[in-house]
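Quick look at what TrEMBL lists:
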type	residues	note
DOMAIN	A:73-467	domain 'Major facilitator superfamily (MFS) profile'
TRANSMEM	A:76-97	transmembrane segment
TRANSMEM	A:138-158	transmembrane segment
TRANSMEM	A:164-183	transmembrane segment
TRANSMEM	A:195-215	transmembrane segment
TRANSMEM	A:235-254	transmembrane segment
TRANSMEM	A:291-315	transmembrane segment
TRANSMEM	A:321-340	transmembrane segment
TRANSMEM	A:361-380	transmembrane segment
TRANSMEM	A:386-412	transmembrane segment
TRANSMEM	A:419-439	transmembrane segment
TRANSMEM	A:451-470	transmembrane segment
REGION	A:514-541	region 'Disordered'
Amino acid sequence: MAPNHSNENGSIGSSLHGVTAREQIFSFSVEDAPWSQAIRSDDPTAKFALPVDSEHRAKVFKPLSFAKPHMRAFHLGWISFFTCFISTFAAAPLVPVIRDNLDLTKTDIGNAGVASVSGAIFSRLAMGAVCDLLGARYGTAFSLMLSAPAVFSMSFVADAGSYLAVRFMIGFCLATFVSCQYWTSVMFTGKIIGLVNGCAGGWGDMGGGVTQLLMPMVFHVIKLTGATPFTAWRFAFFIPGFLQIIMGVLVLTLGQDLPDGNLSTLQKSGQVSKDKFSKVFWFAVKNYRTWILFVLYGFSMGVELTINNVISGYFYDRFNLTLHTAGIVAASFGMANFFARPFGGYASDVSARLFGMRGRLWTLWILQTVGALFCIWLGRASSLPIAILAMMLFSVGTQAACGALFGVAPFVSRRSLGLISGLTGAGGNFGSGVTQLVFFSSSRFSTAEGLSLMGVVAVVCTIPVAFIHFPQWGSMFLRPSQHEERSKEEHYYGGEWTEEEKSLGLHEGSIKFAENSRSERGRKAVLADIPTPETGSPAHV
Amino acid sequence: MAVQTFLFASLIIFSSIESNHGATEVSLFANLENSLEVTAKPTRVGVVLEAGKDMVRITWMLKSSAKVNDDAAFKTVEVKLCYAPISQVDRPWRKTHNELSRDRSCPHKIVSKPYDKIPQSLNWTIDRETPTGTYFIRAYGTDVNGYEVAYGQSSDAEKTTNLFSVEGISGRHTSLDIASICFSVFSFGSLLVFLVKEKRKAKLQQRK
């Protein structure tokens with residue numbers, strides 16, 4: 001097997017070299033060493049179904065395989081995330097029935113929608129810590145099985161207050177986004193992690209679309225058995241509840257935390273020393289780019305989450321569709337995630353190959369702005385076919401923007417990589433809470449007006465991407481710095497460590513990452529022949 | 001992929017272009033004659049009525065003040081349950097609209113009877129699926145083609161008098177509650193069992 005070229009320009013997935021900051025990093029590339037081939041024939045990596053790197057992470061992505069442990073972890077991860085999306089948005093297509101049962105006002109419905117996405121702001125931040133301490137398996141299982149009771153408790157709901165409380169508690173399970181991405185990051189090597197995470201994220205997000213089809217169908221079937229609508233919708237929630245329990249059990253029995261085994265039974269050796277949380281937190285928060293991405297994701301994923309909550313009711317009320325048909329239309333919004341999000345990640349990788357980081361930023365801006373423009377059009381469309389067309393184009397633009405954003409995020413920081421992913425993810429939920437509160441929770445705007453206004457605000461809030469500037473790569477409008485020191489990747493990533501930490505060699509991982517990230521110079525990276533500068537650290541052999 | 005989406009969407013557009021042809025005559029509420037006299041008397045007055053249990057006695061007839069041939073166009077009378085303004089507050093899906101095809105304030109059909117010159121009445125048991133709210137009754141006189149030509153309602157023009165309140169069923173069932181509790185306990189329980197089992201396994205491994 002020919003050795004892989006780790007620094008190949010813009011190979012798919014070179015963007016997301018490890019989503020969390022916890023991977024083992026070596027000071028020189030073990031994969032390319034000629035003697036690594038000889039080792040493989042009689043070393044334990046031979047037992048893996050897929051070719052693996054020196055950390056036993058899979059080097060190949062085979063979506064149709066369920067081989068233990070890598071592909072199995074991928075499938076368990078994205079299906080768990082998918083199931084949580086189904087539960088969180090299960091109420092949305094049934095709102096026309098629920099609002100009559102509980103005598104809800106538009107404000108009540110809007111507030112419950114805000115609540116359904118707010119819980120995850122905190123649970124997503126906490127999930128990173130849980131995965132570190134207990135492993136991705138338990139993180140996922142906790143999320144699934146501790147929120148399943150909340151799903152079942154829809155049978156007790158009798159008024160607006162309890163409805164809101166239950167939707168809030170169900171919303172906590174969206175933390176599976178973090179555990180799913182964490183799990184794939186420890187199972188798949190950096191070169192392909194972009195595509196793997198884009199698929200896992202996109203296919204999981206599809207749950208928001210599938211639920212718009214599934215719940216009306218389940219509701220209809222239960223009504224056929226003779227139940228009144230006001231009982232049928234409560235019983236319908238048992239289905240997402242069951243799915244969560246089943247997935248929880250599967251994750252615990254079939255899943256594995258790490259390629260070599262489970263966290264609790266593994267003897268850990270040669271582990272990179274754990275970084276201090278306070279430092280990681282400070283460098284994430286101090287970096288202004290983190291907050292720009294927070295806002296941006298709030299208006300791509302945030303808009304997507306909001307639409308999952310309001311679109312079915314919008315088509316039901318405005319175009320007089322049946323619950324079932326409105327569900328089908330709404331579902332197509334979420335289902336576009338199947339290809340749209342991976343496409344966004346891929347487009348980001350391709351533009352990086354040609355134009356470097358500047359290409360990624362432009363791709364992100366274009367996709368998100370175009371998506372938002374189609375959202376404005378959706379609100380203004382008064383005929384059903386035009387509305388559907390606008391919605392489809394809007395969905396592709398916005399979801400691809402989500403994928404493209406995670407092509408930029410890993411480069412913002414190396415030390416605080418995991419926390420930035422968590423913060424960005426929380427930003428998505430925050431944006432959704434804000435948009436639902438402002439545009440869809442009062443009678444001030446009709447839903448149609450709300451959609452158009454949300455699109456306008458999304459266009460405006462996408463402009464900050466022009467301010468993301470990397471000294472070594474430039475920004476949308478500015479060229480990279482010409483300064484000798486600042487134009488090096490090592491300077492940017494090394495800047496996150498103090499001199500004391502550097503003298504201890506703690507920053508080695510960042511330096512390696514900086515070398516690999518030279519691909520973000522675009523075509524110029526091929527021409528540049530920059531040796532790794534002396535960083536003042538003791539030589540490591 | 002974007003191209004495929006575009007083609008699919010254009011297919012939908014072109015196949016639906018027909019749907020707006022043959023634009024129908026628009027009936028406006030403002031154009032209707034208030035020539036029907038409608039009364040609605042709940043069997044229990046002054047209390048909130050229960051859906052599926054309580055009854056309302058509805059009567060309708062041509063108003064005595066109506067001119068001689070006002071009812072010439074009527075073929076059928078459609079009696080509907082309508083939301084009072086208080087039940088429409090902050091609920092745009094129940095909005096009153098002048099264009100009758102877009103009006104959402106009278107979604108619940110009670111009965112549809114052929115028009116008879118004699119006063120008609122009905123003892124209507126409130127439908128079990130009626131949502132909680134405050135209501136009045138309206139009857140539309142429709143012509144041969146089904147278009148409304150006249151109406152009458154049990155309340156006044158501002159819809160403030162003679163309203164009655166209905167309490168809908170909760171939809172909750174004890175069996176559902178019990179099942180919900182059982183499955184929740186199972187969910188927590190199985191998680192605990194796994195945690196304990198794995199801790200034990202880890203301890204055994206350490207001893208080895």
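Just so you know, glycine gets a Cβ as well, placed from its N, Cα and C.
TrEMBL labels come from automatic prediction, so no person has curated them.
Values in this document were obtained by computation on a predicted structure and should not be read as measured data.
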Same chain, outside the transmembrane segment (A:321-340) by at least 6, Cβ under 8 Å from its Cβ: which residues?
85, 92-94, 96-97, 202-203, 205-213, 215-217, 219-220, 307-308, 311-313, 315, 384, 388, 391-392, 394-396, 399-400, 403
Give the nonlocal contacts of the transmembrane segment (A:235-254) in its own chain as ranges (CB under 8 Å, at least six residues past its ends).
72, 76, 79-80, 83-84, 86-87, 90, 94, 137-138, 140-141, 144-145, 147-148, 151-152, 154-155, 173, 211, 214-215, 218-219, 222, 227
Given the cut-off of 8 Å on Cβ pairs that are 6 or more apart in sequence, determine whether the transmembrane segment (A:361-380) and the transmembrane segment (A:164-183) share at least 3 such pairs.
no
Residue list, the transmembrane segment (A:164-183) vs rest of chain: Cβ under 8 Å, 6 or more residues beyond ends.
19-20, 73-74, 76-78, 80-81, 84-85, 87-88, 90-91, 108, 111-113, 115-120, 122-124, 126-128, 130-131, 136-137, 139-140, 143-144, 146-147, 150-151, 153-154, 156-157, 197, 200-201, 204, 244, 257, 418, 421-422, 425, 429
Within the domain 'Major facilitator superfamily (MFS) profile' (A:73-467) only, compute the mean pLDDT.
89
